[in-house]
Each structure stands twice: as structure tokens, then as C-alpha cells.
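Trainee: Below are the features listed in TrEMBL for this protein:
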ACT_SITE  Cys127  active site, nucleophile
ACT_SITE  His238  active site
ACT_SITE  His238  active site, proton donor
SIGNAL    1-19  signal peptide
Amino acid sequence: MASLLNLFPVLLALICVLASTPVQRVNNRPIIGILTEPTTSLKFGDEYVEATYVHFLEMAGARVVPVRGKQPVEYYQKLFSVINGVFFPGGEADISTGPYYQSGRYLYDMAIKANDAGDYFPIWGTCDGLQLLTYLTAKKDVLQNTDTENLTLPLQFQQGYQESRLFKDASDKLLGYLSSEAITQNNHHFSLLLHDYSNISTLNSFYRLISTSIGPDQKEFVSTFEAFKYPIYGVQWHPEKNIFLWRTDQAISHDFHAVQVTQYMANFFINEARKSFHHYNSTDEEAHAVIENAFQTFIPDLKAEEVFYFNYTDNYFVNKYGAVL
């Protein structure tokens, strides 16, 4: 009995510690806004989203709503208040003018302001999306031509990458796959060169350099970064393609290691979105907003590509380059 009484103060202290430890809130119904991009296939729609990005986000437990271009600022303000993160997809959209840029500018500025006020809101940019982030941050075009179209490369991790939010919890095995195997798919004509990143203070003071890659032209370019102060992340490569794109004309790794990388990256970003508590007023509003309401088509044979289109007038099967299928 005496020994039990001696333990009582210890147990009481433990209970007090546990009671005083704040429980981190988690939003397990995250919704991500994804920017649409212009397309010339006007019979089928003038904006599109490739479904690979949608599946990438949904795989990790999120739902997706489109962020339409050419909308008034009030549209973006309302949308920002109900989504839990925004995704800047790859493609060929202009990063300095036009609807892709303008949508990104509105949401980027809102995210900076919100995070400064303690309202957690993450942004992710893939390929063209990373390039858009560089333009929004530097306020100028900082890209150079590189020979980096349709090839897979390993990552060259940079000093301090283990302290990055993006990779601090990654396993040694996963980091080894990324650094020693060519499993990151690159498909871009332009890049942020390491030399330019190092010499542009608006970029190197804002973004932590996590990795670079080197293409056939031996130019070293930024392949992964994250903002020091904000939950903003960019990859020049395409994590989503390892699982969700089966085009036989593209160099994509579908092996088990590459698939694990895709899963890790998606899980990381959506876990970031779970820290945001913006929400729609009702589940009915959510249901009417999600991207599944858009016209969706699958482009068979070589392209094997699934696409969401917006503002369509006739249901012709047209790919994003304007060719009738």
C-alpha cells in the first residue's frame, strides 16, 4: 500500500502533463483547389485539368475542386475561404501573364497573408507550377533553356535537406531511391539554374534548396524546394506520373520504388492540407464544387490520358491540343 501511495504523486504529475498538452487539430476532409489551364480545343472546352494531378491528390485522401481562370477577385477570395490548399499543375501555361498566372497570383498572395496571420494554408507547384512560384516570388522571369524534356533523373540532395519539412520524415530507403535511381520524370524546356538561384536573393532567401538535378546538357537546375517560412513547395519533376500516366511515348518509371516516391509526396502535401480548417458551408456545396462535376474524357491508345474540360459547348472528343479524336 505504501508503495502505491508513493506512486500517486508521479501519476498525478503525469496526468497534469497530459492534460496540459494541446491536442493538435486535424481536418480529415481536406479539399484542394487545382488551377485550370487554357486550351485551344474550343469545341470541347477552353480550360482543362489533367486527371493525373487529380488522382495524385485524391490518392492521399483529398478531394479536388477546379480553380477557374479569368474570374473576378471575389471568386478567388470566396474559393480561398473554403479550400485547404492549392495545387499549381504542370503544363505549358504562361507563368507571367494570362489566366493561369492570374489565378496563381491571387491565391499566392492570399496564402502569404493568411499564413502570416496564423491561418495555415499550403501551396504545391509541379513543373510549370514550380516555375510559376519562382515568377510570383522573384517578380520576374528567372528561367533558362535546358535539355530536360522527357527523361528521368535522380535527385542531387543539397546540404540541409534532412532538415526540410518535405523530407525530414522520409525513410533512408526512400531518400536512397531518389538519389541513386532515375525515377523523377522531367518534361520541361526551361529551368531555374542553380547558379541563378544562388544569385537571386529574392529566391534564395525565400526558398530552401532541397535538391538539384543535372540533364544531358550538364546544366544543374533546381528540382525541389520549399519556402523557409511558409508551407509552399515546388518540384520541377512529376511525382504523379509514376502511378497515373501510362503514355508509351514518355519516359516514366513505374517500378515499385518510383511508386513509393509518388505515394510519399502526395501523402506529405495532403497532410499539410489537413492543418487548414477552411470549409464549405455544407456537404451539398462540396458535392457541387468538386471536379467530378466537370466534363471528363479519356484519350485512348498512345496518349492514354484522362482530362477534365471546362466551358465546353459540344461533347466532341478533343484533346488539349485541339485534335478531334
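Numbers run from 1 along the shown chain.
Cβ atoms are placed via backbone N, Cα and C, with glycine included.
Automated prediction, rather than curation, is the source of TrEMBL annotations.
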Trainee: Give me the Cα-Cα distance between His238 (active site) and Cys127 (active site, nucleophile), rounded to a whole Å.
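Mentor: Rounded to the nearest whole number, the Cα-Cα distance is 7 Å.
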Trainee: Tell me the Cβ contacts of Cys127 (active site, nucleophile) under 8 Å, same chain only and six or more apart in sequence, or just say none.
Mentor: Pro89, Gly90, Gly91, Asn187, His188, Val235, Gln236, Trp237, His238
Trainee: Is it possible to get the count of other C-beta atoms within 10 angstroms of the C-beta of His238 (active site)?
Mentor: 25
